[in-house]
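These notes concern the structure reproduced below.
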Amino acid sequence: MGCSAATFILVALFGSSSWMGTNSVWMQLPLLTSELPEQWNLPSYLAGVVQIACIVPLIYTILHKGVKSFTIPTAPLIIALLSLACCCQLGLSFFWSDYSEIFGAPRSWPLYSLLFGLAIVNAMSNVLFMPFMAQFHPAYLNAYFVGMGLSSLAPSLLSLAQGTSMFKCDEKGVAERFPPNFSVSIFFFVIFSFTCVALFAFIALYRSGAHTHFATPNKKEPNEGTPLKKDLNNTSSSRKGDDEDESPIEIHETGAPAIDAIVSELDVTFREELQKSFRDANYLERSAMINDDSEPHPVDYITGVKFTFLLFTTALVNAQMNGIITSVQSYAALPYSQATYHFAVTLSNVVSPLSSFLPFFISVRSIPVLAILTACSTAMTAFIVYLAALSPNLIFNSVTIGSALSIGGSLIAAGLHSYLRVVFASLLREGHQSESRLFWCGVFIQIGSFIGSAVMFPLVNIAHLFTSAPQCKSIS
């Protein structure tokens, strides 16, 4: 069966919904911090909300793996989640600026609630969307990962077109604001429209039956993301008959991948590894896509101490990326200008998906080299924290130098973190128990992200170790 251009586009649009909601809120932080009462503390609150929401897919996977009677049809659940994302995105366009007093302080609870809903949808995409794509021809994985890249790139480009809220200081030291090219409400409404397109694309994709063209004939659960082990064995035995050389593969009944809630841009690496898993599971053999005599190349799998090291560094990198930097970046950039924060956040989200493609060209397997790169990313994170600790003072007492260092540090950190995250997941994915290894990779991703946010939240909001700078400040 050939690949359809229409199906390719539908899959890409469907994949774009994976993390677009959360990314869209993050792209608006430079404007939200200037409008909402939490001000510079807002990013740390939102990071905590996202991490709490990421517990939901973990619970889902535990139930799906541990409770055999727990079954929910995949496609209807995806439609329900995308509908929830549309509702939350539409709600943001109207209620993002609302707040009320809770526990003696003004809180932007509508923003928290709506972001929580979006984060649930985005995190659940890792345990639902990927298994669903296992039912398609492997060539469509390219389209899905293109869509995942768009979920970060599209809000970033839209934010660049929007610009930021500039201001100038009058003689009395009062900031006079100039609005961006279009408002936060319009931004969220455009993202809402994009999410609706993704929802309708999935419905059209499912109704087209493209996923059934690659399904096994005797598959009993059409809504499962991947077939059960017994179905694989039955199909293989019925097709091969007396063939004794078939390689067994260990596939869990759920077919759910790891809970890698933040690792949404593992584009090329996951594509290659999933295609390899399709080949190992005789997907391609059953559909006559490859010859029976093809064999996977031997790989020096990561085990033992190296495996433990990779899990630890995975947690460390994600703690920095999803917990530490997101909590203090406002303090590291806003003292220099609103535009500095805007470009640091926006361009970082452009660099991240692009860096995820680097392992396709530059693959590193050496543990010492990976340790050095991890140390470099940690040093860059420490530099961003140092800039934040200087606030309201400026490094070298210079707006120009400070802005360049703040933006440059954010871009380098984002690039290193994204690259390392892909490489770690690729190495951990290798092996005969690939799903189990990838599951633990996802667990440590979430552990690292949670610890990073849990450590930074009290430091920012309770201990008040970081200080906001006044908008209008004389520079000597």
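Cβ from N, Cα, C; glycine included.
What Swiss-Prot lists as transmembrane segment is 1-21, 42-62, 76-96, 114-134, 141-161, 186-206, 307-327, 343-363, 367-387, 394-414, 438-458. Summarising the annotation, Swiss-Prot assigns topological domain 'Cytoplasmic' to 22-41, 97-113, 162-185, 328-342, 388-393, 459-476. Under the heading topological domain 'Extracellular', Swiss-Prot lists 63-75, 135-140, 207-306, 415-437, citing a curator's inference as support. Annotation comment: Swiss-Prot describes 215-249 as region 'Disordered'. Summarising the annotation, Swiss-Prot assigns compositional bias 'Basic and acidic residues' to 218-232. Per Swiss-Prot, the feature N-linked glycosylation site maps to Asn233; the stated evidence is sequence analysis.
In this chain, the transmembrane segment (1-21) does not touch the transmembrane segment (307-327); fewer than three CB pairs sit within less than 8 A of each other, excluding pairs fewer than 6 residues apart.
Per-residue confidence over the topological domain 'Extracellular' (415-437) averages 78 (mean pLDDT, predicted model).
Against the transmembrane segment (367-387), stretch 394-414 has more CB pairs under 8 A than any other of 76-96, 141-161, 394-414.
Tallying C-beta pairs under 8 angstroms between the transmembrane segment (76-96) and each of 1-21, 42-62, 186-206, 394-414 places 186-206 first. Taken residue by residue, the topological domain 'Cytoplasmic' (328-342) breaks down under DSSP into 11 helix, 0 strand, 4 coil.
Residue counts of the topological domain 'Cytoplasmic' (388-393) by helix, strand and coil are 3 helix, 0 strand, 3 coil (DSSP-based). Between the transmembrane segment (141-161) and the transmembrane segment (1-21), three or more CB pairs separated by 6 or more residues in sequence fall under 8 Å, so the two stretches touch. Across the topological domain 'Extracellular' (63-75), DSSP assigns 6 helix, 0 strand, 7 coil. Look at the topological domain 'Cytoplasmic' (97-113): DSSP puts its residues at 5 helix, 6 strand, 6 coil. Remark: the transmembrane segment (186-206) contacts the transmembrane segment (1-21), by the rule of 3 or more CB pairs under 8 A. Below 8 angstroms of C-beta separation, residues 29-30, 33-34, 40, 42-44, 159, 163-167, 384-385, 387-394, 399, 402-403, 406-407, 409-410, 456, 460, 466-469 of the same chain, each at least six residues beyond the ends of the topological domain 'Cytoplasmic' (328-342), sit close to that stretch.
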